[in-house]
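Following: one structure in structure tokens, then a few remarks.
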Amino acid sequence: MNKSKWFFTPVLIWLGLFLIVPMLIVVAMSFMQRDTLGNVVYSFSWEGYKTFWDSLYLGIYWDTIVLSITTTVICLVVSYPLAYYLANSSPRVQNWGLILITIPFWINFLIRTYAWVLLLRTQGVVNSLLIHFGWIDEPLQMLYTKGAVLLGMVYNFVPFMVLPLYVAIEQIDRRLLDAASDLGASRWKAFWHIALPQSKAGIMTGSVLVFVSTAGMFVVTDILGGSKSSMISNIIQAQFLGARNWPFGSALSVIFVLTSLILIVLFSRVMKSRSDRTREGGNA
Amino acid sequence: MKKKGHPLLGIHSALMMIFIYVPIVLVMVYSFNNTRLSGDWKGFTLDWYVSLLKDRHVMEALMNSLVIAVVSTIAATLLGTISALSMRDIARKWRGPLNGVLYMPVIIPDIIMGLSLLVLFSQLQIPLGKSTVMIAHITFSMSYVYVVVNARLAGMGRQLEEAAQDLGATYWQTFRHVTLPQITPGIISGALIAFTLSLDDFMVSFFVAGPSSTTLPIYIYGQVKRGISPEINALCTLLILVSITLILLAQYVLNRGKGQKKHKMLPF
């Protein structure tokens, strides 16, 4: 019976070769530099990381973080009531709601982003409607703005937020809510002190998913932001596929992953300490 | 017992669903609109679908996508299933880290996976083409297959297999007649998911595809960057319908024979 564990060997070799080794090479490459032709020079250098300190890249890096956090917060705010409603509905509504929320996962995000071009462009649906109803005379410039990028991001990642929230809210111990209302707590109080803290795992998972996905999604800025806006992932992509500065691209990738990890750790710390405080408050 | 939800919650949820679906439905509706430029409705047509069929680039991209999806699905299903099966016989202390490695492709941002594979292929001097895209797709798809098959295995316990062995069945007989039939829905469902992921992937393919291995999503990206066109609406509509059909099928296979409830949704 025990021999079957050796079948894991090919899996391990595959993942080692095509997952672990490539990422180690990227880390190594981030400490190299390139020659004038764009070839990688195999000697140690801080060049890639030094280039990052250029104010241009620092600005884009900051913009990326701001955009990712904004997207995450908006997704959280609009998804929570939806997830809450679903978790509180009849099984039939829950089933259909979950199917409807899951379907977008399987629709290519390129298509979902492109759909907004149809809506937002100058002769697009939104402008046509606004002109038709006489609310505006001239079409508004909505495409290729920061707002369009933010909208596209929120649109793409709302399902990523709803599902983990739903799972968490669905598991809330309803008896505690009953107990709270029996003891005279208002709906808001019961929500604030019981439902919200108990759905924290979902908030955490959803936020991390949305944050990391937004930061890596260069296509949305590409399609809805035009040339005006870019994120760190646009720069990374350009280094590898256009500018051919792989060491700099690698350094940016390392910075991107490390930033995500640090923010995730910080975020989970904050969530944890909040729950401790709530618990202490409960005991007092 | 249960209090009725606040009416505002219901209204908000309905609006969210409209927000999620209006753009998607719009792409589909426009794919039948008998006008190339205007945003208004000018009557029903199937012209754009016909011109897709005649477009050599689209057909080439479609063939590339299908070949890549078939090969990577077979390999990913094999590797994912093997991982799930052999994981059960691995010492407990190793399972955590190995699980972590298997989940990595699900967690790592696509862009990082794409560029790191690009760097690997260039270091090994492997020319970019269909095979490099296949390798990339196998790597992320196998994790999803693993998750689905693993869930199926976890749900079935080992009693039947132990009983078969007690009754004198060999390892392979047990596998063939006891284990395999029970996990088949998981394997089929995992394969369908792998196929859909491969067909839909843009990010990773974008980095590791060569000029001769343009897939459908890469083709769509190129067109979308140039602006809108009714053919792209038609192509997007087809891709949406194929993906949704495959995923609903995967879900159906997984749920059939499993006493309803539980895991109604996909592993995400």
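Just so it is clear, glycine is given a Cβ too, placed from its N, Cα and C backbone atoms.
Predicted automatically and left uncurated, TrEMBL annotations should be read as such.
Model, not experiment: these values are computed from the prediction.
Straight from TrEMBL, the features:
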DOMAIN    B:62-250  domain 'ABC transmembrane type-1'
TRANSMEM  B:12-32  transmembrane segment
TRANSMEM  B:61-80  transmembrane segment
TRANSMEM  B:101-121  transmembrane segment
TRANSMEM  B:133-149  transmembrane segment
TRANSMEM  B:202-220  transmembrane segment
TRANSMEM  B:232-254  transmembrane segment
Contact call for the transmembrane segment (B:202-220) against the transmembrane segment (B:61-80), three or more Cβ pairs under 8 Å: yes
Answer with yes or no whether the transmembrane segment (B:133-149) touches the transmembrane segment (B:61-80) by the criterion of at least three Cβ pairs under 8 A, sequence separation 6 or more. yes
Would you mind listing the long-range same-chain contacts of the transmembrane segment (B:133-149), meaning Cβ under 8 Å and 6+ residues beyond its ends? 68-69, 71-73, 75-77, 79-81, 83-85, 102-106, 110, 113-114, 117, 183, 186-187, 189-191, 193-194, 197-198, 201, 204-205, 207-209, 213, 215, 254, 267
